[in-house]
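Undergrad: Would you mind keeping the following structure in view while I ask a few things?
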Amino acid sequence: MTIRSPEPEVKIVVDNDPVKTSFEKWAKPGHFSRALAKGPSTTTWIWDLHADAHDFDSHTSDLEEISRKVFSAHFGQLAVIFIWLSGMYFHGARFSNYEAWLSDPVNIKPSAQVVWPIVGQEILNGDVGGGFQGIQITSGLFEMWRGSGITTELQLYSTAIGGLVMAALMLFAGWFHYHKAAPKLAWFQNVESMLNHHLAGLLGLGSLGWAGHQVHVSLPINQLLDAGVDAKEIPLPHEFILNRDLLAQLYPSFAKGLTPFFTLNWAEYSDFLTFRGGLNPVTGGLWLTDTIHHHLAIAVLFIVAGHMYRTNWGIGHSMKEILEAHKGPLTGEGHKGLYEIFTTSWHAQLALNLALMGSLSIIVAHHMYSMPPYPYLATDYGTQLSLFTHHTWIGGFCIVGAGAHAAIYLVRDYDPTTQYNNLLDRVLRHRDAIISHLNWVCIFLGFHSFGLYIHNDTMSALGRPQDMFSDTAIQLQPVFAQWVQNTHAAAPGFSAPNAAAATSITWGGSELVAVGGKVAMSPIPLGTADFLVHHIHAFTIHVTVLILLKGVLFARSSRLIPDKANLGFRFPCDGPGRGGTCQVSAWDHVFLGLFWMYNSISVVIFHFSWKMQSDVWGTVSQNGVSHITGGNFAQGATTINGWLRDFLWAQASQVIQSYGSSLSAYGLVFLGAHFVWAFSLMFLFSGRGYWQELIESIVWAHNKLKVAPAIQPRALSIIQGRAVGVAHYLLGGIATTWAFFLARIISVG
């Protein structure tokens, strides 16, 4: 950290009225492009319109103008999110059984959608308990509302209205900061100020505000609900906030006010700031006093972090200095030049953020079941499965997006003159070694992981179970994972002496937690089957990374096409007369990476779904625990045939037999999504010329009848066809999985 003489204060950097508001301009499709603004001559126009509408790089090369468009679009995105959230809360207020669910969250299922009887589809309104007919939802919103202290539908209405007000504010802000007071480029590039405000403001004060809400509103309300007090008898939130005596009745330290805080006698507050670990046995969720403690600690950390970077006062860190000082003995110029990349290429910035955000989303997926944060979330198996699946899919898409934008950065924004012998340059220069080694790793993982499975299938087929890899024959125990589990399970009383229980029940060493006769969470034993599946995970993830990384590292040039950078981010082939140069653009690598991402995530969510049904989820009685699939994972998941027979086929019976029941929509979606998936193959396995010939024949027939269209029909380009193909492939696959999972888990869970 360096202290300098104070630098001149940062001036307010905006341009006033830079772009006039014009409805005439907005009403003209393609107004952002000279070519598109002329209007359509062929059907390709509508595809190009969609491809380029948000590709601000193609509208202008002025970085300031691009930055303003992105900034303004973010406000539009926030407005959409607020409207969507408002709709969720409105459904909770108007069409849901939330108040009934609050009274008996174990036996009544959450529902916030009632189907109107138009052509007999009111069959979809299943009996969710508590005298309510509707569609069972698996979003986890009821549990979140309960955890935040919402007890009435009026509160949900009010929040929904608040969401619409915020949406209006965001729409106004998007217009204002583009048309009235648009920030200058220097403002977008002022990273220290941005870090300070985002860290201290968004994350720090955001967490502090949430901790405050949890202490003064959520905690007393949840405490009373847990004790069995009727929601209608509980004081309203503002009464707890304004009347300290109400809180002091539940938490005696409130009577002392802020005295313990200023006298540093903080232990006084340990009645509502705890470090217990484990789960609340009443709700099956994390202890609310633990999560309050967590948010308070996070707030302190981030508020401190938000004072670390040098702005007007000449004190603190400079990102440029930190990066340029970051040199090792083996890495040349180290991070020199990276500051310039991240302040002039928003694609590079976005790639980094997407990679981190995607990884974080997958980490969230794993914590949502192992440390369920909301009351009664853990016993709502449909919601648990949905949340895990959702967060892993989101993570997968974000990580592929990171590969896409990293490649776009290299094609459009990379400046070789400023990148000499720094880390990026060095990685690009030994890309052949990186990719060939990664390729070897993929081959090794692929042959060995599938080799173990094929060995097992062969032995099983030959009737030699004693020669299989399984927990009852040749064991391949995941010893490192078991060591990690045991270390965490032993931490309370050993390396974490102040914790009452381990961070998660899943580590083992403790009893399972059951709520209302349903298992909330139990230790998760790992065995040979998990070892085998784990190596399939390693294989699919490494292949996804291989495809994306090859696309990035060879985005500008390769031995095959040395001038690739001149062809752009997406191109079908390197022109006529150069056979074997198709499917080499950076875009094609993203296209191929998406399929492997789909492979990766599918295996992950199948593993999770079956493992939980087999070893965790179930009911508790005097005779012990009865799991949904009776612990069949350890034997079934050791062969490919077992996955097909004992998981896919055995668990598809609910969705296949759903006709005539309230789950029949899932049966239709299962069928329809299979069709959407199959439809994608028509685009993926077909050549452009085939369709062009067909179109010309059809156009000839129209000309004969004198009904020829003014806009000339054209076949999709190769890239457009692939984009349509991969979109339907993923959409069909995801919707099929969704219907399969939900029909199954709502039936048996």
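Glycine residues also receive a Cβ, built from the backbone N, Cα and C atoms like all the rest.
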Undergrad: Quick one: which of 195-219, 220-244, 470-494 does Swiss-Prot have down as transmembrane segment?
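TA: Going through 195-219, 220-244, 470-494 one by one, Swiss-Prot flags 195-219 as transmembrane segment.
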Undergrad: Please report how many Å separate the Cα atom of Cys582 ([4Fe-4S] cluster binding site) from that of Trp691 (phylloquinone binding site), as a whole number.
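TA: Per the Cα atoms, Cys582 ([4Fe-4S] cluster binding site) and Trp691 (phylloquinone binding site) stand 19 Å apart.
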Undergrad: Below 8 angstroms Cβ to Cβ, which residues of this chain, lying six or more residues outside the transmembrane segment (589-610), approach it?
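TA: Cβ under 8 Å, 6 or more out: 369, 385, 388-389, 392-393, 395-397, 399-400, 403-404, 407, 530, 533, 536-537, 540-541, 543-544, 547-548, 550-552, 583, 629, 633, 636-637, 643, 647-648, 651, 722-723, 726, 729-730, 733, 737, 741, 745.
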Undergrad: Give the sequence-ordered list of residues that share a chain with Cys573 ([4Fe-4S] cluster binding site), lie 6 or more positions from it, and have CB atoms under 8 Å from its CB.
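TA: Within the chain, Cys573 ([4Fe-4S] cluster binding site) has Cβ neighbours under 8 Å at Thr581, Cys582, Val584.
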Undergrad: Determine the most Cβ-crowded residue among the binding-site residues Tyr690, Trp691, using a 10 Å radius around each Cβ and all protein chains in the structure.
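TA: Counting Cβ neighbours within 10 Å, the top one is Trp691.
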Undergrad: So which of 156-179, 195-219, 346-369, 433-455, 723-743 has the most C-beta pairs under 8 Å when paired with the transmembrane segment (291-309)?
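TA: Looking at each of 156-179, 195-219, 346-369, 433-455, 723-743 in turn, the most contacts to the transmembrane segment (291-309) are made by 195-219.
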Undergrad: Does DSSP give Cys582 ([4Fe-4S] cluster binding site) helix, strand or coil?
TA: coil
Undergrad: Taking the Cβ of His674 (chlorophyll a' binding site) as centre, how many other Cβ atoms lie within 10 Å?
TA: 15
